[in-house]
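Below is one structure, written out as structure tokens; the observations come after it.
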Amino acid sequence: MKMSVIRWSLVVLTLFYLTTTSTVRSDASDHKYKSGDEVPIYANKVGPFHNPSETYRFFDLPFCLPAHLKEKPEALGEVLNGDRLVSAPYKLDFMVEKDSEIVCRKTLTKAEVAKFRSAVTKDYYFQMYYDDLPFWGFLGKVEKDKTDPSEEKYYLFKHLHFEILYNKDRVIEINAKADPNAVADLTEDKEVEVEFMYTVRWKETTIPFESRMEKYSQSSSQPHHLEIHWFSIINSCVTVLLLTGFLATILMRVLKNDFVKYAHDEEAADDQEETGWKYIHGDVFRYPKYKSLFAAALGSGTQLFALALFIFILALVGVFYPYNRGALFTALVVIYALTSGIAGYTAASFYHQLEGTNWVRNLLLTGCLFCGPLFLTFCFLNTVAIAYTATAALPFGTIVVIVLIWSLVTSPLLVLGGIAGKNSKAEFQAPVRTTKYPREIPPLPWYRKTVPQMAMAGFLPFSAIYIELYYIFASVWGHRIYTIYSILFIVFIILLIVTAFITVALTYFQLAAEDHEWWWRSFLCGGSTGVFIYGYCLYYYYERSDMSGFMQTSFFFGYMACICYGFFLMLGMVGFRAALFFVRHIYRSIKCE
């Protein structure tokens, strides 16, 4: 069994690595050039700086068109990332300097002036790729009118200065800066004559070709940021140690006293009434309500947990280097498809242990539990993107590819895993017998109800990760770069440990109060961190970001809802597994009739 798991892991990682190695590539695959050779340059997209999801094709704005407009074919991950590469109107041949080279002379109509003015008002930026190196720039600027400070003037940059660093026959770095004095006034609604130009300068450097991408990750590795990251780690470790100490000194001492007390009770008179968690030994392993849904939630959570582990492995070996962001989306799609067998096996096997019979419905539920909400969210957000004509709208061909992956890979593996799980010989290991009729649960105070318990369970794990959350949000929903995956992996492990510990503690207190319906409670308490993360989304959107507009708001809250729901399923599974292990252990340690 262990060997098959290892083989499966190697297959997933190999297939995945092959799919993620295709990224934004230049035509010259070896990146070596001679003086005068053409170096590929592609224009990617434009959009408001503060709305990272709201991006448009470069030539949706009336720029100068190149003589031969050519679209570059993109990989699946690049399309999902909103990349739409086309030939740029600039010609930056290797080692060829240019002074005020004219791209084109153009008369902007009133409508085109209004388009550019709207883009400048919203802080539009552009992104391009030169020999696989990304670079950015702003389209224009807004200034106060010198004669009337209450009025604003809108200017479009006309002249770009390219500074390119090279090492022998390779391009190492590129920077693009606009000339602040060469501008076109777009303030008035009238036709404007514009002469677009560019200047190219080449400088030699000693930076090796292998290190040319390091500058993009330096911002997240600066000492100031590293200190904050390590403070986050120390804060999380202290939380774990305090929680572990609490469990070791309080919970285990209470359990030890319980074991001694119950041992004395067995030696005393038989008519002495049982109390506490031993009193409900005949009900604690009674199967939960909606066991098909429960098994499906465990299966989906296990799959998402496996997905997270594989993503971390690939990140730690360096697959997701800066601005290879398409690789992450490809990884998520491919690994999710390949791990669907884990969901099918886990759900069907556990459903079989709970003596369920309708395994086909259980498999359908497992397949739709996470994909269903994600698909509905995608349909709505893709419609919004189409209405905005944004690059986030997936082309029909890409949607067909994803549907084929789901129907030809995900679904068959889910069914195969379900069949293997249904036919597994595993039985539910209950150390005590379950009585025929359930005991009545005594009245409980309000703070022992499900929602207050979820609030207590989610707060500690969230407090262990909230510092790191800002950097992740700033990378996913902003322009920061996150590359310290080792720290992120440590935080992830701490999150799992804290979730497991707090769920075990709350499960003990629930059983001690003679409440035997702990199955769903442990799952909900474990997953409640996902609710806290979604609450942090509200704080981040309104207090830490400048995002605005219906499209960006829809994308942020829509996709974050799916991500938080995935965390809920994954951490719920972790919480239940920890609680199940604990409950089996304590009831195996006492004698029950």
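Positions of Cβ are set from backbone N, Cα and C atoms, glycine also.
Among the features that TrEMBL reports, signal peptide is placed at 1-21.
According to TrEMBL, the transmembrane segment annotation covers 228-251 (among others).
TrEMBL lists 293-321 (among others) with the feature transmembrane segment. Same-chain neighbours of the transmembrane segment (293-321): 9, 12-13, 16-17, 20, 213, 217, 327-328, 331-332, 335-336, 339-340, 342-348, 350-351, 354, 356, 362, 365-366, 369-370, 483, 485-486, 488-489, 492, 519-520, 523, 527, 566, 569-574, 576, counting only residues six or more beyond its ends whose CB sits under 8 Å from a CB of the stretch.
For 327-351 (among others), the entry in TrEMBL reads transmembrane segment. Panel annotation: around the transmembrane segment (327-351), residues 11-12, 15-16, 19-23, 75-77, 80-81, 291-292, 294-296, 298-300, 302-303, 306-307, 310-311, 314, 319-320, 359, 362-363, 365-367, 402, 405-406, 409-411, 413-422, 424, 426 of the same chain, lying at least six beyond its termini, place a Cβ under 8 Å from a Cβ of the stretch.
Residues annotated as transmembrane segment in TrEMBL: 363-388 (among others). Sequence-distant contacts of the transmembrane segment (363-388) (same chain, six or more residues past either end, CB-CB distance under 8 Å): 54, 292-293, 295-297, 299-300, 303-304, 340, 343-344, 347-348, 394, 406, 410-411, 414-415, 418, 550-551, 554-555, 558-559, 561-562, 565-566, 569.
The transmembrane segment feature in TrEMBL is assigned to 394-416 (among others).
The transmembrane segment annotation in TrEMBL covers 454-473 (among others).
Marked as transmembrane segment by TrEMBL: 485-511 (among others). Tertiary proximity for the transmembrane segment (485-511) is limited to same-chain residues at least six positions away from its ends with a CB under 8 Å from its CB atoms, namely 229-230, 232-233, 236-237, 239-240, 243-244, 246-247, 251, 254-255, 276-277, 280, 284, 308, 312, 315-316, 320, 448, 453, 456-457, 460-461, 464-465, 468, 472, 518, 521-522, 525-526, 529, 571, 574-579, 582-583, 586.
Per TrEMBL, transmembrane segment is recorded for 523-542 (among others).
Summarising the annotation, TrEMBL assigns transmembrane segment to 554-583 (among others).
Where the transmembrane segment (454-473) meets the stretches 228-251, 394-416, 523-542, 554-583, the count of C-beta pairs under 8 angstroms peaks at 523-542.
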